[in-house]
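Quick notes on the structure that follows.
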Amino acid sequence: MSFTTSLISSLASPPSLVPPHDLPPFFSLRNTVLKPTIATRTRRQLFPSSCLAAKAATSPSETANDVVLETAPTPAHEVVSSFYAAINVHDLSSVTDLIAQDCLYEDLAILDFFGKFIEATSTDLQFVIDDISKEDSSAVGVSWHLEWKGKNFPFSKGCSFYKLEVIDGKRQIVYGRDCVEPAIKPGDTVLVAIKGVTWLLQKFPQLADQF
């Protein structure tokens with residue numbers, strides 16, 4: 001039989017299978033290490049951790065929380081403090097941004113009032129906050145005084161009360177009221193006047209409807 005005939009015969013016949021127990025030890029070890037189940041198990045352990053890290057970085061809940069923090073309304077006391085700071089530098093546009101459109105300062109439109117105040121004074125006259133309440137998110141009380149070029153201005157102590165509301169995501173002043181130190185100290189005269197009015201009301205209760 002020629003070499004060519006022998007080669008064709010060996011290729012045409014199916015290969016004989018060697019039983020696993022007859023394989024050399026080295027072949028058996030390599031077969032165990034390269035088993036697909038081990039490689040698959042390794043991928044299953046790595047894949048979830050990388051996915052969790054990526055998911056945590058782009059978690060919708062964290063993104064929503066970040067947005068809430070960024071758009072949270074300014075605390076009430078900071079709004080009022082910024083209000084006085086804007087008045088001190090005669091920045092009426094900043095005052096406008098801190099006040100609701102229909103805000104009233106007692107019986108006066110607050111923007112008109114402070115517009116006239118700014119026109120009538122210079123930046124040498126400054127509001128100085130002595131104390132301000134910080135606990136309430138809808139109401140702020142302030143005690144203050146005026147200074148002229150760093151020196152106390154006479155008869156300028158006062159206190160103010162403000163109500164605030166969140167409008168279109170911004171906390172704004174909706175009401176303001178001042179109580180200013182009077183230039184003339186009435187002293188005992190006030191007590192006499194109060195006593196006289198009280199006596200009149202006791203005698204004529206219907207007068208109370210006229211106040």
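A Cβ is built for glycine as well, from the same backbone N, Cα and C atoms used for every other residue.
Taken from TrEMBL as is:
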{"type": "DOMAIN", "residues": "77-185", "note": "domain 'Nuclear transport factor 2'"}
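Summarising model confidence by region, the domain 'Nuclear transport factor 2' (77-185) averages a pLDDT of 89. The domain 'Nuclear transport factor 2' (77-185): residue composition by secondary structure is 30 helix, 50 strand, 29 coil, according to DSSP.
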